[in-house]
């Protein structure tokens, strides 16, 4: 095992015996092999596309495979084994399709190598052995940390892109260019000798395609559920039966809301599902009552205390405790051997569990958080914002968002939010919002000082707002009174970062620690070209932003 794809990786280097996320060496090896299997599929899919043959079912499988390997998505070796065996069958079908397509065009098929040729072992232990041979550790030995790190920066950007593309596809939105790029990247990683400049070029292209994906998902979410509207959200509970929904998938929540109409079961969001309350087609359900708990890393205590079942959608699942594992349900790609997997969005077992559970005995304390500041909501008050900036009432915008996590160093983001002067407006998104939303920031020029823009993918909203303000002021985005302070944890944050770099956004602060896979020479390139910097102390960073007391 050698895994360094998330921010909390052991010793800031790599997890080598068990993941700090909780995944075992067995699961890590199967995930490494699933990446290799996806590369093998892409080797054929890439060439078939060059012949004018697109295969949406292969696109979907490869994107799902990549999403499966994102941090805290799948801990289930049995599910991973199923995916691997399906990948081998699909690869054989693709080989036959490719050979037939070449024959029909009277051309000779290329002789492929590497992942295109892998054969699944007959046992799970054999698959694990094959996966271990595909470990990052072997590439580090063969080609060194710099080239390996660039390859993995690209791979992790594509993993996050795949996650967002999967969410969009669930809501009926796809884009051919996304799958085409993914197949190109995986084919390159499978076949082409590592070259730093070529890899860096693909990394930057990954950012450009990531913008396409973020736009795609924004259109998918708003097309299905309307444009988010500023909405007060109860941060607590009321008496009654209850289901808690965590993760990111809005369609899972929408279907559950419809299936629980009139049953006397209240639905609560957790973690990054908080922004769901701003969507008109979701908040119309009166039994979408409020938000319970905070960010993903607090789930083991918060789920244990919740008096009903929990539905985990997409990623951010942790190994459950005995206190709630019999109440934990999963759907979609998220998988854990100790949770009950639901298929086809049939939530009847989940609902039955809620009806059998005690629920909340009484109402809790009443506190509200204002969510729903998507780009259309913010741009709807753009004239007020522009006037406030020109009048000097707003001195700076500070985006504090991204992922949250366990480390005590993440208190930096709390402290930064609490130390900002009253003429600074805070934009937030992702589960990093839970580091700032407990601060009472009041208003400025008749507007809330804290604008919650949504989930991590709603970095797209921040981009749209920044572009619109830059146009209104007649300047570039980098000339705006705007500072970006991003907390990262997993691969979707890498995707968002690359999207920002593709727009030419400079001077992004990243923390609490820099990625282990970005070596000093690679970091120097990012610093020289984009001004990326690690977070410092709050006092130092406020001074650099021109916000010192």
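Cβ coordinates are placed from backbone N, Cα and C, and glycine is handled just like the others.
Site annotation for hybrid [4Fe-2O-2S] cluster in Swiss-Prot covers 248, 272, 403, 431, 456, 490, 492, and the matching candidate from 316, 331 is 316. A distance of 24 Å separates the Cα atom of residue 431 (hybrid [4Fe-2O-2S] cluster binding site) from that of residue 15 ([4Fe-4S] cluster binding site). Within 8 Å of the centroid of the Cβ atoms of 3, 6, 15, 21, where the record puts [4Fe-4S] cluster, the same chain has further Cβ atoms from 4, 5, 8, 9, 10, 14, 19, 20, 23, 28, 71.
Nearest in space to residue 15 ([4Fe-4S] cluster binding site), taking C-alpha to C-alpha distance over the binding-site residues 316, 403, 490, is 490. In the three-state DSSP scheme, residue 431 (hybrid [4Fe-2O-2S] cluster binding site) falls into the helix class. With a 10 A radius on its CB, residue 15 ([4Fe-4S] cluster binding site) counts 22 other CB atoms from all the protein chains.
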